[in-house]
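See below for the structure under consideration.
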Amino acid sequence: MADDEFEPTIENIINSEKLKWIFVGGKGGVGKTTTSCSVAIQLSKVKESVLLISTDPAHNLSDAFGQKFTKSPTLVEGFTNLFAMEIDPTPDQLAPEFMETQSDGFNLQEFTAAIPGIDEAMSFAEVMKLVKSLEFSVVVFDTAPTGHTLRLLSIPSLLDKGINKFLSMQQNFSGIFNAVSGMMGGNAPSLENMEGKIQSTKKVIEEINIQFKNPDLTTFIPVCIPEFLSVYETERLIQQLTKLDIDVHNVIVNQIVYPEKDCSLCNARQKMQKKYLDQIADLYFDFHVTKLPLLKAEVRGVPSLKLFSELLIKPYDPSTPLVLPNQEN
């Protein structure tokens, strides 16, 4: 095995000609948004068009770039091919046309309430319909904390179960609905209409599911910090991703403290972190592990993000500390 086969950068992702979907995720507070912004910035250098999507209800993209984003792709200031959007994968935000079925006499909201999670599945399908129609070269997802992300990635199987339950309901109650429809002059609930909408949603999800499980098209980048809970959750996340057949070959370790003269607290924390860095090295010896430093200022604004993003492709050298434009001496 060559020494540089698992180089400590994300060059393998940046240089991939086929990757379409890139997920960035991990425990809350580890720097997922900063990392996803940095990944998108590096991709914008080599791709025709890049879309960065936040599925985290906290929506930190606007804060990171210092620019307001909405649920429609917006060009990031300072770029010509990088777009960003912030979405909430909930039925209230993403699937109004599904809820309009109520005007035909069918209250879909009540129906989806009977099948836990299917409303989220339909909403996610609507997001993917939109994203696919826009035809960006690559899409980067800034995801919510681990549990929420795994739910989204598990949606295809959830939707299959929901549709099977719906079809069973249709078979069992079609006679009742038809009778009600006759009494109301044909304005009662249309199960056929409902089935068409769900089947359309299922088709999109199935197509996306195939792509998500294709390592040439999709990869996941876990972000962690060298502390017990973060390392533990990262390992659990990677195990779950493996069960879902989703590729993961990169790990980003953020907020690393390096030794400093006359800083006993820094040195004590660095010593504590070393134990977990050693664990990460043992666990992910066959991964691209990128190490990022804890900085003295927040990484906010395009100039700082551009500078920080370089650390994803050029390993950090603590002998030449990174100084951000907004950093005070």
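Each position is counted from 1, following the chain as shown.
For all residues, glycine too, the Cβ spot is worked out from N, Cα and C.
According to Swiss-Prot, the feature active site maps to Asp56. A coil conformation is recorded for Asp56 (active site) in the three-state DSSP classification, outside any helix or strand.
Annotation source Swiss-Prot lists ATP binding site at Lys27, Gly28, Gly29, Val30, Gly31, Lys32, Thr33, Thr34, Glu227, Asn254, citing sequence analysis. Its Cβ placed at the centre, Lys27 (ATP binding site) has 22 other Cβ atoms within 10 Å.
According to Swiss-Prot, the feature Zn(2+) binding site maps to Cys263, Cys266. Residue environment of Cys263 (Zn(2+) binding site) contains 12 other Cβ atoms, counted within 10 Å of its Cβ in all protein chains.
Between the alpha carbons (Cα) of Lys27 (ATP binding site) and Cys263 (Zn(2+) binding site) lies a span of roughly 28 Å. Of all Cα pairs drawn from Lys27, Gly28, Gly29, Val30, Gly31, Lys32, Thr33, Thr34, Glu227, Asn254, which the record names as binding ATP, the longest spans 19 Å.
Under the three-state DSSP scheme, Gly29 (ATP binding site) falls in the coil class. Here the candidates are the binding-site residues Gly31, Glu227, Cys266. The one whose C-alpha lies nearest to that of Asp56 (active site) is Gly31.
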